[in-house]
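Chemist: Checked Swiss-Prot, it gives:
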DOMAIN    31-177  domain 'F5/8 type C'
DOMAIN    212-364  domain 'Laminin G-like 1'
DOMAIN    398-547  domain 'Laminin G-like 2'
DOMAIN    549-586  domain 'EGF-like 1'
DOMAIN    587-792  domain 'Fibrinogen C-terminal'
DOMAIN    793-957  domain 'Laminin G-like 3'
DOMAIN    958-997  domain 'EGF-like 2'
DOMAIN    1046-1202  domain 'Laminin G-like 4'
CARBOHYD  260  N-linked glycosylation site
CARBOHYD  285  N-linked glycosylation site
CARBOHYD  359  N-linked glycosylation site
CARBOHYD  538  N-linked glycosylation site
CARBOHYD  574  N-linked glycosylation site
CARBOHYD  602  N-linked glycosylation site
CARBOHYD  625  N-linked glycosylation site
CARBOHYD  637  N-linked glycosylation site
CARBOHYD  706  N-linked glycosylation site
CARBOHYD  748  N-linked glycosylation site
CARBOHYD  1023  N-linked glycosylation site
CARBOHYD  1073  N-linked glycosylation site
TOPO_DOM  1263-1308  topological domain 'Cytoplasmic'
TRANSMEM  1242-1262  transmembrane segment
């Protein structure tokens, strides 16, 4: 019910916001009157005019008066045409023409607006586009609707480009309507206090709207408080708006009672900014200009105890709850409404509800501060000083985002040298230099590139130099030498002119980009209007009477928590520690599933998973168990066995499960998986799951759908049964669950919950443990998921005219597309989506070129990646494209990515409206022939297979994965196709695992052996295709490949022995002196050929690798990858009737040479690994039998790892992956080696033996102990009390169930 109420409130908020926006913007159908045509001639002005007949008064649209339009005297970017609308109006559209019947027209222009005729502001589209496209001829009309509209009195058109064969020429019209404005001017000491009737106040709803403008960066706009510390405050701080809400005791702040929201930036620009605050219950909208923040307040927000008064512009009395520093607002407020009440109108009428404190006026004063914008690093302002005083002094204010740049340079008169004032790393530095003398430096301020206004004062007099920043005097420095300093030189602000002008100006760190104002030289304020008109000083690339700074980090286009920083012309994203990369932190560095990690060749371990790729969900850590199928294992906090007593329907027990991921992350992971399951075990003693009399559930569980579920493990939602009920083997056939038999003894119902739409389990409720001797216990396993529906989702396109279509792709500001393809065609379009003018297209342009082309309004761009090899090789290739605010990029496979920077201040919105075509185009031409797989757009997978099933000439699925992924199968493993994906067949490999990369090793104790009998194998497999059948006695073996590794310290030792029925043999031994010997006897009438490697002691306890490759009489031998030898046999070229292969001790050793016999009698003690003779792997056959292999094992042979160092347990280096406990350090990309070492296993084993010997317990007790030991190892962090309780319960369960066949043994 709460969620429904929240949704309703949110909808009402949205509707009220839309209504407010309509009021703010005006009704577009009623606000489109022409505003220029009826204006008097005096309303038009310009920078200059070519002649009296080209004056600004002739610039009316469609008029032919005079010369047919306005043209300036000189065509350059400093010209402008200005319109005075007489009063503030709402302007909703503009239209332009060129000069009538001429070659004079403007092709692009800026539109600026102002209330006072100075301090102009540029109008921007899409929050970044400053320029309007103009005309292509003299007479056609180009019309633009302004969204949002402009509220201003003055408009100024500034031509940027014009017809290169003519000059600037303009005729214009603007459209709009009258604008209602009620204003109040507050001087920084005054405020308004509104007291309202309690009856008129809604307890759950508040709407406050206003506009403000100011030159101050700090001030209180509104404040309302209560007696207990509750308050709502809207405060301007550092030119940003903060909404502060405290809904609890101010002395005890907490995250549930404090709200601190920030919106807006650079709000002290003396231009109007709109604010809207809407509260409906706990739903709050906070809007500043076009930026909106919606949030759901926590705590008792809708029950705030506030007084029945609200102040605007300040806090009139000492606040009972305000502990933060604050000052009153200095500026103007407009159209101030509180819950529909016009506050300014009430104040004008001097109504008793309004108390005006201080000097309050109802007209807005216009401070005549004229800023100047330095647009580029080439900008400068050169001003003369004619005062001739014995002092060099200047003051000014500046604001910028750049860390470095020249602020001021002045030459010294009568003596050579100069004074430099510049920014370096955000600090202000002053430098006075004279030739032949060391410079005198002063450093002041920090982080002065924060976009705020900063004041600077410079003074150099006699032998003293001082600098002040924001009123703080920096350390003064004595000047070098007794020379007197005189003013009268030229002051260069912001940069230096070209050297061709003969200037001595120096700019060590480049020019300044930013704004300056209030410039004074020798105590006299500089008249910038005179500068603009050319009568004072000189300048280049300036915008006078306007500050064009903008905050490129608002809104923050850095995604996924990336930190935004900026300079004058661009922004940068720091993606450190976000888990994402790219220009805007859009691309996840993690895979989306364990399946994807597996097909990169990764082994079992911990990995970060990003289920929705570049989508909003954060990555999270889980465990991937890489078996033949990749299993995703997600843990929760309820893995302990939990006992429950003393519950009933009136007093139920509820257990909650919290997972390592959020519910949204879990849902994305589950939806992506092919299959998910959770094992649930319910132990019971007189505790039922269902009341048989009325069918009422006595226990139930809840999943992610928040619905009650009464089916149990092994069953499905439509059958309220347990596993035994489905299998028909419950302990009481009258019931469908063991626990429903209600017996006074422990039993259980265990099974898998596998209906993934209901998973994971989030809650368990138990109500039937309140009777005598009644008790229950439960244990929930981790969430296990396998497969990836998206990774293999694919479609095959049969003709060039075939395609799949999907809804329009929405990636206005940030878009990424990724997919796999394979083809034999030389070209074809993978994907295309069109708009009215915008589009994106990805295609195979030629066999070696993939191209990404797009247009977002700045003209078409293309990015191509060329490969040295062909893409149409029928192998899978991966394509990823991205387009964002900063750049577009294309990467194919592992080739170097290609990028295309976005144009500065260009169009940014990708606006598409057609269907998305996959595998073809709307024209049904240049379609793609081949397969496309795993197509994702902004992290969301398109279901190609589902759409292909209903589309002609397109087939669901693709085959031929082994051509691309076969290389993942190692050590002789063979890639086999599956309907979805592939697998590695390790049948004829000495290795195992999903990629045949896990070596099979064994520790051989003294006197032990493994014997593989080929003749018996032939009898078993002569009708099969087994490669072992090739060793039949009737066959002659002219070649073999032998590989293995070993570690030992014993001599002599027999490593490997192969014999035949004709007394031929091959032996690999370590002689008494530690040398390795390989003996071939391929003719029973000759002595064996002996190859001796005596370069080192091979029984040194280190791991050694042996490879023997025989081709008839030539044998190639390699030892440890660095010792190689080739020998020619004299005893024969064929191995006839192979009998057996022996590892370790030879039980029958007649007819062999003495050294082999001695080594064979001794056998082998140590570790052997990955033993393979051609396609026979004897250790694998012995330790991992898949069918009745003819293998005999004698003595102590145990699976181990040869990677262990001497003196340690042979298994201590093995990776152990337990579902219940995965601990250790975490690497972002590679698996985590488990910290559970086998030392504990060895100790546990010894303890088990001691207990067995001392107590002589039964086999059942041994199993109980093993369960307890394994459980203890997997749950090492559990408290002793929990361990004890579980051990007792397990003992009860196992002793009782030793005679109960229905008891399921469950442990990891």
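Cβ from N, Cα, C; glycine included.
Could you place these features in context, so I can see how deep they sit and what lies close by?
Modeler: Look at the domain 'F5/8 type C' (31-177): DSSP puts its residues at 9 helix, 70 strand, 68 coil.
With DSSP states grouped into helix (H, G, I), strand (E, B) and coil, the domain 'Laminin G-like 2' (398-547) comes out at 8 helix, 67 strand, 75 coil.
According to DSSP, the domain 'EGF-like 1' (549-586) comprises 0 helix, 10 strand, 28 coil.
Per-residue confidence over the domain 'Fibrinogen C-terminal' (587-792) averages out at a pLDDT of 91.
Beyond its flanks by at least six residues, the domain 'EGF-like 2' (958-997) meets 598-599, 601, 603, 626-628, 630, 787, 791-792, 794-796, 822, 874-876, 931, 933, 1027, 1043-1044, 1170-1172, 1175, 1177, 1179-1180, 1184, 1186 of its own chain at Cβ-Cβ distances under 8 Å.
Other Cβ atoms within 10 Å of the Cβ of residue 260 (N-linked glycosylation site), summed over all protein chains shown, number 9.
In this structure, residue 285 (N-linked glycosylation site) is part of a beta strand by DSSP.
In the three-state DSSP assignment, the secondary structure recorded for residue 359 (N-linked glycosylation site) is coil.
Neighbour density for residue 538 (N-linked glycosylation site): within 10 A of its CB lie 16 other CB atoms from the protein chains shown.
Counting every protein chain shown, 13 other Cβ atoms lie within 10 Å of the Cβ of residue 574 (N-linked glycosylation site).
In the three-state DSSP reading, residue 625 (N-linked glycosylation site) counts as strand.
Sequence-distant contacts of residue 637 (N-linked glycosylation site), defined as residues of its own chain at least six apart whose C-beta falls under 8 angstroms from its C-beta, comprise 657, 658, 659. Annotation note: residue 637 (N-linked glycosylation site) sits in a coil segment as assigned by DSSP.
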Chemist: What is the separation, in Å, between the Cα atoms of residue 602 (N-linked glycosylation site) and residue 625 (N-linked glycosylation site)?
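Modeler: Rounded to a whole number, the Cα-Cα distance is 10 Å.
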Chemist: If one measures from the C-alpha of residue 625 (N-linked glycosylation site) to the C-alpha of residue 748 (N-linked glycosylation site), what distance in angstrom results, rounded to a whole number?
Modeler: 28
Chemist: Among 31-177, 212-364, 793-957, 1046-1202, which stretch has the highest count of C-beta pairs below 8 Å with the domain 'EGF-like 1' (549-586)?
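Modeler: Highest pair count goes to 793-957.
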Chemist: Express the distance between the Cα positions of residue 1073 (N-linked glycosylation site) and residue 359 (N-linked glycosylation site) as a whole number of Å.
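Modeler: So the Cα of residue 359 (N-linked glycosylation site) lies 108 Å away from that of residue 1073 (N-linked glycosylation site).
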Chemist: Find the shortest Cα-Cα separation between residue 574 (N-linked glycosylation site) and the glycosylation sites 260, 359, 538, 748, and name the residue that gives it.
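Modeler: It is 260, whose Cα lies nearest.
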Chemist: Measuring Cα to Cα, how far is residue 260 (N-linked glycosylation site) from residue 538 (N-linked glycosylation site) in Å?
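Modeler: Roughly 47 Å, rounded to the nearest whole number.
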Chemist: Tell me, if you would, which residue among 285, 359, 748 (glycosylation sites) has the fewest other CB atoms within 10 Å in the structure shown?
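Modeler: Relative to the other glycosylation sites in 285, 359, 748, 359 has the fewest Cβ atoms within 10 Å.
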Chemist: By the DSSP assignment reduced to helix, strand and coil, which category contains residue 602 (N-linked glycosylation site)?
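Modeler: The residue in question, residue 602 (N-linked glycosylation site), is coil (DSSP, three-state).
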Chemist: List, in sequence order, the same-chain residues at least six positions removed whose CB sits under 8 Å from that of residue 706 (N-linked glycosylation site)?
Modeler: 762
Chemist: For residue 748 (N-linked glycosylation site) and residue 359 (N-linked glycosylation site), what Cα-Cα distance in Å is obtained after rounding to a whole number?
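Modeler: It is 82 Å, counting Cα to Cα.
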Chemist: On the DSSP side of things, how many residues of the domain 'EGF-like 2' (958-997) fall into helix, strand and coil, could you say?
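Modeler: Going by DSSP assignments, the domain 'EGF-like 2' (958-997) contains 7 helix, 10 strand, 23 coil.
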Chemist: What's the CA to CA span in angstrom from residue 285 (N-linked glycosylation site) over to residue 359 (N-linked glycosylation site)?
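Modeler: So the Cα of residue 359 (N-linked glycosylation site) lies 32 Å away from that of residue 285 (N-linked glycosylation site).
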